[in-house]
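Positions annotated as repeat 'Solcar 1' by Swiss-Prot: 4-108. Per Swiss-Prot, repeat 'Solcar 2' is recorded for 116-203. What Swiss-Prot records for 224-308 is repeat 'Solcar 3'. Per Swiss-Prot, the feature transmembrane segment maps to 7-27, 41-57, 111-131, 180-200, 226-246, 291-311.
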Amino acid sequence: MSQRDTLVHLFAGGCGGTVGAILTCPLEVVKTRLQSSSVTLYISEVQLNTMAGASVNRVVSPGPLHCLKAILEKEGPRSLFRGLGPNLVGVAPSRAIYFAAYSNCKEKLNGVFDPDSTQVHMASAAMAGFTAITATNPIWLIKTRLQLDARTRGEKQMGAFECVRKVYQTDGLRGFYRGMSASYAGISETVIHFVIYESIKQKLLECKTASMMETDEESVKEASDFVRMMLAAATSKTCATTIAYPHEVVRTRLREEGTKYRSFFQTLSLIVQEEGYGSLYRGLTTHLVRQIPNTAIMMATYELVVYLLNG
């Protein structure tokens, strides 16, 4: 791959990530709040009568709409874009690094394995995920802390630089890498996503090629091609996210301020013990509602920018 091709993939990946992040930021804030242990801020208690006549309070987890309403009422609409700054700072380099690493790995591995085989896509996605996570984890930690900073209207909101200073004073440099083990576990989601995406993309390409051969038409990129890419991205991301979602909850807990959570497996075990298995999927609906259009927008933007820059 030439230096120009690498720069094209870097730029296209950055554009795709940025557009997706801006359009889906409110859903990202709601999802992060639902994943957090501080979700009790928005939890109501339901009083139940027992057989003996006594009453007990049962904690009921809030739904996405309940959480959204509570944020709007207590903190105002601007809080739905909390963490957007670090998100934009992080998403462009993260996606750029990811897509450039993915494309480079895929090109090199095509010479080792069968070209564009499942092994190539899996290994490329894993290496790209590892590279992007290691490089950008501090930015995502700050973004998560800002999104969890629930302050009512009128109170001064914590800024990104204040958050950076606070993390460094409390935990030192190591504090910026909290939750990275859960992010590494999440590479499985990336691998599943890209394997399914590339498989669907290949099938769509084969169908189009066969159709072109029958009609003797030249293969030209059309608007319908980008719609198909968006559908392929949405389908693959839905499957991957549903399978690997618990790592998202664990990662959010590890990134919380003053947390009792210390490591990936300790956090996973503690969440199950204290809140049950269902809590590992808290916020999944919101995550899917956000992630599906976000991924579709990101992948379609990426493919479009690569196509335009390559002529």
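The backbone N, Cα and C atoms fix where each Cβ goes, and this holds for glycine too.
The average pLDDT for the repeat 'Solcar 1' (4-108) in the predicted structure is 76.
Taken through DSSP, the repeat 'Solcar 3' (224-308) splits into 73 helix, 0 strand, 12 coil. Assigned with DSSP, the residues of the repeat 'Solcar 2' (116-203) fall into helix, strand and coil as follows: 70 helix, 0 strand, 18 coil.
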